[in-house]
């Protein structure tokens, strides 16, 4: 007599009791057998479902109803099971003991459970499969032993489990396949041995599992397979060998004639041999990406008529497209990260049912015609070497919805390349070399990406893309055509189209919503309603225009425009005048006047850059979006940016040098009562020019930050590199102003009262002090702006930032010459000398300057406080001028030994 018959006989008294009591037990009778703190409910079949999970139980509950069909004891603290604790539960079909502390299950623990179909023992501390406790559970269909510490499976532990369909042994410590234990599981259909430590699968490891359909062996340490390890698996359809240490292709799979899904990705397989799947005609899906595959036989995937998906990622050494003859059902093909340089012309003849083609990250240069692949819905060809898209490449692909051609070298696209793609919704052409884009056939696009095509500078009309929702452009100005530059999107309203509509008209239009006179009115109304919906959901275009990239004007506000024009005019005229008077009027140029002249020259460069920006604003007035991209990428923009930074830094460096020169001059005059030239002036000037040029060239070397905005200046926000550059400039200039301040503070501290007025050339000392004060004051807003950006302080409005960059920064270029013209007496003297020279040169162009009357020369020398003296000896003697209240002049001797030089005493 078998066990099931015994179970029926043992339950017969219970059945007789039920019959005597009038049939099925009442709900009240069932619930009286519910343990304390557990939740019980009828299952609709005269039986009881008992849930005692997560109650902290340390032992099995008592007083369980004999009619219990479902018992959940998971997530408790049960550490051991007594013999036959549940023998009376003859109707129990599902027992859950997961998440407890069981380390051992004794024999007889499940005795009497003749109806048990599901047993869950996962997440315990079992170190081996119970040797005898599971035997003779003839009704058991599902057994979960996963997430334990099982390292041993006794040979006879599964004997008697003739109905077992599903077995979980994953996430344990198995090191080998328990071949003997599996021989009694002839009805097993699904088994997982994943997440163990198995190294090898021997021959005939699953020999008696003829009904097995699913086998998971992933995440083990399998490095070798027996050539006949899968023999006997006549019904196997899914085999998972992913995430192992396989070094060779598993040729043992050729015996699996019914295999439909095969995965062996993330291994160390280096090659796939010819006719690798010759014994697997039923294969539908193959996953073998993330293997260091170097060689794939051309016939490896031939004659797989059921194959639907083929995925091969990261096969970096594949150079030829595989031969797919006889694999006509393929719907998805992914071959990425290889070195395929060309596709066969017959690729679509072999794959007429292809729907998804992913050949990204290859070396494709030329493309065949895909017109035969009528079912293609998605093509991904990004990151290749494609140069040209011909007219027939994508012709008549009526089902194509997504086309990705990003990160290629595409410079030419035939005007009709997209003309027969009515279903195309997503097109990605970003990061190519396009200068224009055809629009024929693209009316149905909803997503368009063109970013990274720096040669594509023209505007694209929004009328060509009526269904567009998302678009990415190379330049922000191109988004102006899609209305993103407006602050508020104005929704066209069919009830208020006219500004002069009367109340009666509005009433008629309102009534027209509910009463449509004829079909024509209905069509017009629907068209207007569709326009309103489109207005409610405008196109999302990026990068969007902003306060520094406007659609209509370069400067934006008239305050900035007038300020830039004023600075440009004053800087050019005043600095030109100062430069002329310094370098053309004087017979001899002292060190300080040379520095003043050079400051005027570099300030004139700043005026040139401001004038160019003002000219661009005037030329593009009202239509800057049409020229913004061209201007940003033009060489002129980079030249303007370079000149601005070079002029600004040179001016600061020269002013620093002038302050040091004045301090040196005053020190020498106080000590020797004579003026001594500043040492190594030419070398210092060359160093200043070199340093300023280097500072101005940094944005060019670091990726042309000058082209980041149409203002052609590094913006003190956004990219960390630009912010760091601006902060570095501010710190450098602040250091210069600190040096100047210290030098002049020492100068004034060492002078006694009245000494400054009695000094030679005191006007130049005062002039440099005035320049220092003015430039330092104007430097403060720039420094505040840069450090605010560094600290992410966002309370400064964009208009204020633009005003600082365009007006405050170049303002010293016009104030410096104005201060010299208005307050320095040397200018009037030099201007008079320049006028006399001009008058003289006009009267006598061929007469030498030496013919000037000696009296005029002497008078000019006195008026300009300059005299030309040639020293031919080491001892220098001259008369010093006396000031009011000072003793008469007396001769002085300079202790410095000099060669013959021109020297100008102070007056």
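One is the number of the first residue shown, and numbering goes on along the chain from there.
Glycine is no exception: its Cβ is also placed from the backbone N, Cα and C atoms.
Considering the side of the membrane named for each residue in Swiss-Prot, residue 589 and residue 762 coincide.
Between the listed ranges 512-532, 533-553, 554-574, Swiss-Prot ties the annotation transmembrane segment to 554-574. Of the candidate ranges 768-788, 831-851, 852-872, Swiss-Prot annotates residues 768-788 with the feature transmembrane segment. Secondary structure from DSSP puts residue 348 (disulfide bond) in a helix. Recorded residues residue 373 (disulfide bond) and residue 52 (disulfide bond) have their alpha carbons 59 Å apart, per Cα-Cα distance.
Looking only at the disulfide-bonded residues 348, 541, 637, 712, the one with its C-alpha closest to residue 38 (disulfide bond) is 541. The closest partner of residue 479 (disulfide bond) among the disulfide-bonded residues, by CA position, is 637; the full candidate set was 34, 52, 348, 637. DSSP gives residue 40 (disulfide bond) a strand state. Straight-line distance linking the Cα atoms of residue 52 (disulfide bond) and residue 40 (disulfide bond), rounded to a whole number, equals 9 Å. A Cβ distance under 8 Å defines the sequence-distant neighbours of the repeat 'LRR 5' (137-160), meaning residues of its chain 6+ beyond its ends; these are 2-4, 98, 110, 113-131, 166-175, 178, 180-182, 184-185, 192. Taking the C-alpha atom of residue 348 (disulfide bond) as reference, the shortest distance to any of the disulfide-bonded residues 40, 541, 637, 712 belongs to 541. Cβ-based neighbour count (10 Å, all protein chains) for residue 712 (disulfide bond) stands at 27.
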